[in-house]
Amino acid sequence: MSNEELTERWQGTLMNNYGTPRLPLVRGEGARLWDADGKEYLDFVGGIAVNALGHAHPAVVDAVSRQIASLGHVSNLFIAEPPVALAERLLQHFGRDGKVYFCNSGAEANEGAFKIGRLTGRPHMVATRGGFHGRTMGALALTGQPGKQEPFLPLPGDVTHVPYGDPQALAAAVTEETALVIIEPIQGENGVVVPPPGYLKAARAITAATGALLVLDEVQTGVGRTGHWFEYQAHEGVLPDVVTLAKGLGGGLPLGATVAFGRAADLLQPGHHGTTFGGNPVACAAGLAVLDTIADEGLLDNVKRQSETLRGGVEALGHPLVAHVRGAGLLLGIVLTEPLAAQVQQAAQDAGILVNAPAPDVVRLMPALNLGDDVVEAFLGALPGILDQAAETAHGDGRSGE
């Protein structure tokens, strides 16, 4: 089976909502992937921040194998031990009493938050421009990207979108009728946009003053991605009412969670919400393996260390196509001086490195949390040539700006 053959089969059977993906991949191990033609790649996409421990990590493989061999699925008509254990472990890392609702994705986790908001009895919600919370209808109503919303109007809910990172705009939008405010601590899909210092603390104060719930969408930033268990923990004085999780939580398996605290934890009651596969024992066993491996192997420290190396290494290149690097931990955006992210993405792939272009001028890095020094060195060593190739593709004159 070749790349061409697998691509043709994909095109003949799957809907076109993604377009044709750029590369057929057949195997992964650690930070490396192989395509159907046998070419090897360094993975800095990580399944879009999903593969927290890389590919085929022994702890995840063992946990999944053991669980599927004993109890694969029973539905939420019955109790299984893995979701209970995972909920307990999550709450330990939050350091707070709360309740957990398990689902299968970030969009579903945010749908759960949407329903919790509705159950307050208040009709209004506030989200941010550029924010991304999923593509199901409730989550899409919260998403602040009109291009994704327009084909599906009208959307549910009374949602006001305000500029991201602007506490004054947020304060003006939140009223006594506001059920919730939902914010990403870092906007990943919008290009790894980091808010100004104090923004989350201001959001907490604004919501507390009006009785609105503060929902933090940590689907992309959570589970160690930024060097903290959850990114809000890097911000003093911020205790959210609801946190939504997915992506890295399952270590490659579909797993999401809506975690609620205080009064928000008691709003969902029997009949209000549910999912057949939520809390699946196999997915939850994988999630428990992910959390325990992060803790046991000290991966939060590794994330911080490799983040500094990557950020410093990229900026030290002094390449005219690089403006700066933003983000936190191993969620980094290389901001370009020109809108050539797509060209950089392709040049990197040609060089055997997979990166992502979420915005025309941003290259996003989301590698595994156990990223090794050798992979970082290989990336930094290849990057100048990748940037040169991208500029040459766009301009035909070698390095951008010369």
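Any Cβ shown, glycine's included, is placed from N, Cα and C.
As annotated by Swiss-Prot, pyridoxal 5'-phosphate binding site applies to Gly106, Ala107, Phe132, Asp217, Glu218, Val219, Gln220, Thr276. For Arg135, Thr275, the entry in Swiss-Prot reads N(2)-acetyl-L-ornithine binding site. Among the features that Swiss-Prot reports, N6-(pyridoxal phosphate)lysine is placed at Lys247.
Swiss-Prot feature annotations superimposed on the structure.
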| residue | record | contacts (Cβ under 8 Å, 6+ apart) |
| --- | --- | --- |
| Gly106 | pyridoxal 5'-phosphate binding site | His133, Gly134, Ala139, Asp217, Val219, Gln220, Thr244, Leu245, Ala246, Lys247, Gly256 |
| Ala107 | pyridoxal 5'-phosphate binding site | His133, Gly134, Arg135, Thr136, Ala139, Gly256 |
| Phe132 | pyridoxal 5'-phosphate binding site | Thr143, Gly144, Gln145, Lys148, Glu184, Gln187, Gly188, Glu189, Asn190 |
| Glu218 | pyridoxal 5'-phosphate binding site | Glu184, Pro185, Phe230, Glu231, Tyr232, Val243, Thr244, Leu245 |
| Thr275 | N(2)-acetyl-L-ornithine binding site | Asn76, Cys103, Asn104, Glu108 |
| Thr276 | pyridoxal 5'-phosphate binding site | Ser75, Asn76 |
- Fewest Cβ neighbours within 10 Å, where candidates are the recorded positions Arg135, Lys247: Arg135
- Item | Farthest-apart CA atoms of Gly106, Ala107, Phe132, Asp217, Glu218, Val219, Gln220, Thr276, residues recorded for pyridoxal 5'-phosphate, distance in Å | 25
- Would you identify the secondary structure of Asp217 (pyridoxal 5'-phosphate binding site) according to DSSP, in three states? strand
- Note on the structure: For Asp217 (pyridoxal 5'-phosphate binding site), the number of neighbouring Cβ atoms whose distance to its own Cβ is within 10 Å equals 31
- Gln220 (pyridoxal 5'-phosphate binding site), Cβ-centred 10 Å count of other Cβ atoms over all protein chains shown, is 28
